[in-house]
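Per TrEMBL, the feature domain 'TRAM' maps to 6-64. Per TrEMBL, S-adenosyl-L-methionine binding site is recorded for Gln288, Tyr317, Glu338, Asp386. Taken from TrEMBL, the feature active site, nucleophile applies to Cys413. If you look up TrEMBL, you'll see Cys413 marked as active site.
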Amino acid sequence: MSRTLPVQKNEYIDVIFEDLTHDGAGVAKVDGYPLFVPNGLPGEKAKIKVLKVNKGYGFGRLIETYEKSPYRVEAPCPIYKECGGCQLQHLSYEGQLKAKEKQVRDVLERIGKLDNVIVHPVLGMNEPWRYRNKAQVPLGEQEGGLIGGFYQQRTHQIINMKECMIQQEKNDEVVQTVIDICSRYGVRAYKEGNHKGDLRHIMARHGLVTGEVMVVLITRTNDLPHKNKIIEEITSRIKGVKSIVQNVNSKKTNVIFGEQTKVLWGEEVIYDFIGDIKFAISARSFYQVNPEQTKVLYEKALEYANLSGEENVIDAYCGIGTISLFLAQRAKKVFGVEIVPEAIEDAKRNAELNGITNAEFAVGEAEVVIPKWYEQGNSADVLVVDPPRKGCDEALLNTIIDMKPKKVVYVSCNPGTLARDLRLLEDGGYKTVEVQPVDMFPQTMHCEAVALLKLK
Ligand code: SAH
């Protein structure tokens, strides 16, 4: 089989990298056959060893770089290679922004068949480190004590991580303090192998503006040894803590959260601001992890919606109502839809908290609720979608096409599904006017983008 391919397994060849994969590996082509090579950067000339050949693509290892990319830098994080949480630390930030712009443009052309769409340069951060407001740390044991860290790539081994350079410092402090406390009270780390132990994960959430902290202890069973002592010490040692929550996950699974969530101490939520709007955030709700860039993203969505105050707006996949409440300041009425009931409770509370009375929220699947609204004779002037990575359900896109809102603002965390969905909307009568990528996840390959579509 491999005889018909342009490269052979174990062969050493010279290549020029043209591109990056979605997980940050370099892409080189030999007679059109793509080879994925970790650590290769676009523009670099290198010698590689071919490790594996499949029918349509292969993998290689970087042996020697003859010509380095001008954007190559030394990754500043000491555990960058083992961790795998970041993929682009070896690329300068300028290089990262260029790569993400290219990624968006390429998929819009390749998957969306959108040839002349305007893609603006990526809006990046001034300081692209220490931005995450949420840490989710799996636990292990070392020398009889607890450690928190990450799974070494392709293993179930936990590597000790005392700090993470894309995490807000406060979260590192919270996690290390909770580990120290639990360790001293003899709490055992959950072990996947025999499904024993107490504590599976620690989650920390930090409101950047308010300084409020939530600690979530994800345990195997209801019990946590010395629970009250642990709570007491967390409250006395961690400044800003407002909420301590336990989530019980008794299943043999690598999904982090279980179904049962209860408040152990303090409030059920913490608060934070994006712009002027205050948000209540509960343990299980989705909340954007980069608050500084979230503001940039939402302002762009608001600009694209270009509201005059007369419009009815639908915000599909609204989470805790973040975009909805941003839009409500300028719209006649906003209707938010979201599948997680707790998020909708938060959304309602958030509307109230900000004195916003022209926003309504409904629980359900966007692809079920919005078609029902449409059948009942309701429509929207502007429709915003912000789906998860898999993009919008086709039933929702078809309803948008029937409903004919004048504008669609598509907020996307996955350029590939964005491109696919834009194609469907284009075929249904919309024109993609422009696309603005926003860098919500510096040092990683993830890329967020907002697209403005108008009815033709
Ligand atoms: N717009 C929000 C949330 C975006 S994340 C924000 O910016 O904060 C995507 C959201 O879609 C999540 O809250 C998720 O729970 C929700 N979701 C996932 N599938 C859904 C579906 N089929 N219908 C409605 N909401 C869905």
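Backbone N, Cα and C atoms are what each Cβ position is placed from, and that goes for glycine too.
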Rounded to the nearest angstrom, how far is the Cα of Asp386 (S-adenosyl-L-methionine binding site) from the Cα of Cys413 (active site, nucleophile)? 8
Go through the recorded positions Gln288, Glu338, Cys413 and pull out the ones with a Cβ less than 6 angstroms from some atom of ligand 1. Gln288, Glu338
Looking at Cβ-Cβ distances, which residues of the chain lie under 8 angstroms from Asp386 (S-adenosyl-L-methionine binding site) while being 6 or more apart from it? Asp315, Ala316, Tyr317, Cys318, Gly319, Ile323, Val411, Ser412
Lowest 10 Å Cβ neighbour count of the recorded positions Tyr317, Cys413 is held by Cys413
Within the same chain, and leaving aside Gln288, Tyr317, Glu338, Asp386, name every residue whose CB is within 8 angstroms of the centroid of the CB atoms belonging to the recorded S-adenosyl-L-methionine site, in sequence order. Phe286, Asp315, Cys318, Gly319, Thr322, Ile323, Pro387, Val411
Here the binding-site residues are Gln288, Glu338; the one whose Cβ sees the most other Cβ atoms within 10 Å is Glu338
Record lists Gln288, Tyr317, Glu338, Asp386 as binding S-adenosyl-L-methionine; longest Cα-Cα distance in Å? 15
